[in-house]
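> Before anything else, here's the structure in question.
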Amino acid sequence: MADAPDIVDLTITNVAHGGVFVARHEGRVVFVPDTLPGETVRARLVDTRKKSFWRAEALEVLDASADRVDHVWSASAIDRDPADRAGGAEFGHIALPRQRTLKADVLSDALVRFGGLDADSPFVRTVVEPTAGDDDGNGLHWRTRVSLHVDGEGRVGPYAARSHRVITVEDLPLATSEVAAAAPLRERLDGATTVDVVLSADGVLVAVDGAARTGAVHERVGERTFSLEPLGFWQVHREAAVLLSSAVSSAVDAGRFDPAAPNLDLYGGVGLFAATLADRFGRGVRVTTVEAESSATDHAAENLSDVVGARAVTARVDRFVRSIGAERDVARYRAATIVLDPPRSGAGTAVVGELAALQPAQIIYVACDPVALARDTKALRASGYELDSLRAFDLFPHTHHVEAVAAFTRTGDRPS
Ligand SMILES: C[S@@+](CC[C@H](N)C(=O)[O-])C[C@H]1O[C@@H](n2cnc3c(N)ncnc32)[C@H](O)[C@@H]1O
């Protein structure tokens with residue numbers, strides 16, 4: 001067989017999961033970043049080893065989509081060599097409303113292909129809602145946390161897209177102005193490897209190689225103050241904690257909520273959603289927040305000290321759920337509400353199956369990955385739960401990421 005040509009012209013047909021777009025070359029799927037459906041681009045084939053799909057990098061737009069805009073970050077723009085394009089803003093060349101319909105397409109596709117939902121299910125038409133303030137500010141200046149890298153010469157910057165090469169940049173337009181101003185983009189940090197810049201309610205801090213000059217920082221959500229480790233997990237968009245807390249609160253069906261049941265906040269971090277339940281249903285609410293990082297659990301205990309029925313447990317969720325499944329009075333969980341907010345990989349079929357075996361009254365699933373949500377949806381549906389509500393939020397403008405909040409109830413409990 002003759003070698004494939006390096007440079008090809010491709011017509012983009014679709015968006016795929018992971019911030020890439022789909023074209024076909026001689027019948028084979030080719031994934032191409034930095035493009036848009038409807039466009040024709042000149043591209044270099046860069047990975048042709050697999051039989052089922054190849055990868056390419058876009059070099060030039062020959063026929064542009066009406067939704068293409070000047071990239072919000074010149075460091076990522078298509079006029080740069082692909083190897084020099086900064087990562088982390090892979091939708092920055094797309095008009096903001098179109099970014100959201102593309103994210104909705106990815107979510108819908110995942111729910112049908114991996115979640116087993118019918119193509120005509122109303123959840124397959126879920127829109128991706130904008131976050132307050134983003135439309136006015138063109139989706140910029142929302143990142144309260146930025147992780148940068150340092151190369152062997154001491155230069156500080158983000159990695160290039162799809163590589164671990166540090167790219168020096170002039171600005172960080174997705175970061176809040178405080179974070180952008182504090183980021184040491186023009187400094188040489190010889191011998192260092194990482195730089196984190198964090199904006200909390202206490203102000204901005206810069207941590208080189210994980211060393212922050214403070215024991216804890218604080219975040220505010222409504223009337224509540226949360227303490228956490230300077231580099232501990234906290235939702236990244238400046239509006240995210242408020243928005244997700246409100247979305248989780250309204251996803252909980254009050255008619256199915258029992259404040260005395262053994263309610264759970266799994267993958268709980270510093271207790272954000274346990275606090276959400278207490279704020280809606282009262283400080284006497286029984287809720288256990290479960291988190292693998294003991295430093296986060298310590299903060300959760302402090303953050304929930306006014307919630308008399310709250311407990312903070314350090315454990316891996318899989319082990320914790322297995323251990324309660326073995327309890328003698330496991331039937332108590334039939335009245336429980338379980339909130340879970342797993343990392344990008346999702347909870348996984350095993351955890352979801354064990355959760356469903358507890359037969360809780362409702363499960364509220366906060367998801368930062370549509371495919372993981374869809375896979376876990378399939379497992380929940382196979383275990384007697386059905387999707388009751390779904391909302392999606394654009395908490396990561398100019399990236400391909402999308403956040404969702406889904407509510408599930410026992411199939412037998414639903415009105416027929
Ligand atoms: C997406 S964050 C959510 C945190 C919290 N719900 C919030 O909104 O602030 C996921 C959390 O799960 C924790 N985590 C990851 N894997 C875990 C596991 N297997 N068991 C328990 N916690 C885990 C992480 O440390 C992280 O705090």
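Each residue, glycine too, has its Cβ placed from N, Cα and C.
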> Kindly point out which candidate in GLN99, GLN235 is recorded by TrEMBL as part of the S-adenosyl-L-methionine site with TYR267, GLU291, ASP341.
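The record-listed residue among the candidates is GLN235.
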> Looking only at C-alpha atoms, tell me how far TYR267 (S-adenosyl-L-methionine binding site) is from CYS368 (active site, nucleophile), rounded to the nearest Å.
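For TYR267 (S-adenosyl-L-methionine binding site) versus CYS368 (active site, nucleophile), the Cα atoms are 13 Å apart.
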> Report, as a single number, how many Cβ atoms besides its own are within 10 Å of the Cβ of GLU291 (S-adenosyl-L-methionine binding site).
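I count 27 other Cβ atoms within 10 Å of it.
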> At the Cα level, what's the spacing in Å between GLN235 (S-adenosyl-L-methionine binding site) and CYS368 (active site, nucleophile), rounded?
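Answer for this pair: 11 Å between alpha carbons.
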> Would you mind listing, in sequence order, the residues at least six apart from CYS368 (active site, nucleophile) in the same chain with a Cβ closer than 8 Å to its Cβ?
PRO343, ARG344, HIS401, VAL402, GLU403
> Using DSSP, how many residues of the domain 'TRAM' (1-60) fall into helix, strand and coil, respectively?
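Residue counts in helix, strand and coil order: 0 helix, 37 strand, 23 coil.
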> Max Cα distance spanning GLN235, TYR267, GLU291, ASP341 (S-adenosyl-L-methionine binders), Å?
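Comparing all Cα pairs, the maximum is 15 Å.
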